[in-house]
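Trainee: Dropping the structure in here first, questions after.
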Amino acid sequence: MAEERQDALREFVAVTGTEEDRARFFLESAGWDLQIALASFYEDGGDEDIVTISQATPSSVSRGTAPSDNRVTSFRDLIHDQDEEEEEEEGQRFYAGGSERSGQQIVGPPRKKSPNELVDDLFKGAKEHGAVAVERVTKSPGETSKPRPFAGGGYRLGAAPEEESAYVAGERRRHSGQDVHVVLKLWKTGFSLDNGDLRSYQDPSNAQFLESIRRGEVPAELRRLAHGGQVNLDMEDHRDEDFVKPKGAFKAFTGEGQKLGSTAPQVLNTSSPAQQAENEAKASSSILINEAEPTTNIQIRLADGGRLVQKFNHSHRISDIRLFIVDARPAMAATSFVLMTTFPNKELADENQTLKEANLLNAVIVQRLT
């Protein structure tokens, strides 16, 4: 054993050119393992250039000089340098000691991108797929939106007094769907759509949405809002700002009311037919339908004499029907009412039940004021 240690000591001195005491220190620290001792020496400040390490057994090493048939091994063959970009993607690397001739490399978890880097990736991906940077334009108070050109009919005036005017029909505009304009605001800790709530960058449920933006695609949830129409998406950079939810714009009351003094409350519908149709369309679009799950049609007979038919999933709850009625008839929000079945005539008291649990598939529901 003593002779092997002397051989290792002489070989360490021959390879590194250091003093014998310093060589003994590194060998003792490495348990007299020549390979580990050399690695520790160069990590401690030794030259990182190519070094010659004998691979022969200690008994075959001549005293004083390195053997002539050594195999050349570089220090970089012992510890592999990693590219900076690869380290960022794969995580930090650690080396754990093993047996005398082995070791283990441990790769840490991938480093998460900071919100600033994530926003950079989103804008970079959008620009690579055709997005154009524009200056933000803010409307002054009282400024209206761009007027739409008139597309109706009219009368062509006669050229002479005795010539009658002729009616000319206008061209009917074709609408294949509902065009939607959405503003995506990228904040310090998350993003928001228009004046909606903050959605975290780290939330797994938002990963598909952000990946679609990075690929220059319109996310599926925005395409569903358009119902086949065009989606115009604007991206605003607020990465240095904390999210502040804007105050909702004031809207004058245009709903329905009740006549006071009558024994049974009578709902008065003060909205115009166009406004009522718009409310019903908004209420219908607020019900998210999963086409992969079974669906059913529910007929609702309202207290004001109206009738609504809406598609639901079997997993929707009775409370979803109540919300649908309030959205379709905003005046009902201030009205106390219950939902009942027609036959048998029974009140649906537990509104947490699903439509399937309450046996309401393809059923007729009646609204009764209380």
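A Cβ is built for glycine as well, from the same backbone N, Cα and C atoms used for every other residue.
Quick paste from Swiss-Prot:
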REGION    54-73  region 'Disordered'
MOD_RES   SER74  phosphoserine
REGION    80-116  region 'Disordered'
MOD_RES   SER102  phosphoserine
MOTIF     109-115  motif 'Nuclear localization signal'
MOD_RES   SER114  phosphoserine
REGION    138-157  region 'Disordered'
MOD_RES   SER140  phosphoserine
MOD_RES   TYR167  phosphotyrosine
MOTIF     172-175  motif 'Nuclear localization signal'
MOD_RES   SER176  phosphoserine
DOMAIN    179-244  domain 'SEP'
MOD_RES   SER192  phosphoserine
MOD_RES   SER272  phosphoserine
DOMAIN    291-368  domain 'UBX'
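I'm curious about the neighbourhood of these features; can you describe it?
Mentor: Annotation for SER114 (phosphoserine): no same-chain Cβ neighbours under 8 Å separated by at least 6 residues are found.
In the three-state DSSP assignment, the secondary structure recorded for SER192 (phosphoserine) is strand. Taking a C-beta cut-off of under 8 angstroms and a sequence separation of 6 or more, SER192 (phosphoserine) has the following same-chain neighbours: LEU184, LYS185, LEU198, ARG199, PHE243, LYS245.
Shown in sequence order, the list is empty: the chain has no residue 6+ apart in sequence with a C-beta less than 8 angstroms from the C-beta of SER272 (phosphoserine).
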